[in-house]
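Taking it in order: structure first as structure tokens, then the write-up.
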Amino acid sequence: MKVNISIFGFGTVGRALAEIIAEKSRIFGVELNVISITDRSGTIWGDFDLLEAKEVKESTGKLSNIGDYEVYNFSPQELVEEVKPNILVDVSSWDEAHEMYKVALGEGISVVTSNKPPIANYYDELMNLAKENNAGIFFESTVMAGTPIIGVLRENLLGENIKRIDAVVNASTTFILTKMSEGKTLDDAIEEAKSLGILEEDPSKDIDGIDAYYKAKILHWVSYGEPPEEEERLGIREVRDARNVRLVAQVSKGKISVKPRKLSSDNPLLVEGVQNAAVIRTNNLGEVILKGPGGGGRVTASGVFTDIIKATLKFPNLR
């Protein structure tokens, strides 16, 4: 059976996802068929070569430079209404993408996303809309990239009371703090992170804790089914001694906090490089510890791809 997919956003993650789909287009008896791709230059829609699209984007910077295919200038809402995919995949950084999700879910189209603000800010509305229209919304890669903390909370710990989550969920600040502990200044560490493509498009989202805040808010929604009442956010700009310091997101019922914390040398959150880690404290299991890579195109795309498979298996009507 064939599942038609629209990819919205064709940056590093989108292109890595295209590569994975090309490698594994037939899986669990399902054929994954990408029928449209959208970047800032427009939308290609129809029977095109996925890897050719990837190569054109990488070599020219614009999907619209692809050869023999018509390029459409759809609005995000028009994209959903005209293309009518079975699954809409958002791997963009568009903060207002929830409006597109609402159109898709209202049409019974499942949504897979790695985009944090729409889930953090509109979780309840989107989940209810999905339920009303027998669709799904999947967002594993919004937190810890491909390391499956969302799946663990939504599926594997359903019988547990989540007492607290402590997590290092921003790989960029971990990299920067690691470099600062080796003697680099904040500015020099930021420049090195930029040169390696580790930082977000707007570095302030990482440095000021905004990215980690969105992730903490998503973890609160998933763990407790409601928004936090208390919020605290402090970035890493004021850190002077970075030795054993990490930007830690702490989530408990009604409260989220994101701020730098000095950790003991045996703390599982004291990860290096671009690693992420989380300690989930539960009533029966005690501490559940997750560690894994927290960024990178292929790593994030892996989580997105897993969500695409989950969507096809959970909603047979897609096929």
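Numbering starts at 1 and runs along the chain as it is shown here.
Just so you know, glycine gets a Cβ as well, placed from its N, Cα and C.
The NADPH site recorded in Swiss-Prot comprises PHE10, THR12, VAL13, ARG40, SER92, SER93, SER114, LYS116, GLY296 together with one of LYS57, LYS131, LYS310, LYS314, namely LYS57. When the Cα atoms are compared, SER114 (NADP(+) binding site) and LYS215 (active site, proton donor) turn out to be 11 Å apart.
Take VAL13, SER92, GLY296, the residues named in the record as contacts for NAD(+): the widest Cα to Cα gap among them comes to 14 Å. According to DSSP, ALA145 (Na(+) binding site) is assigned to coil rather than to any helix or strand.
Counting in whole angstrom, LYS57 (NADPH binding site) lies 11 from ARG40 (NADP(+) binding site) by their C-alpha atoms.
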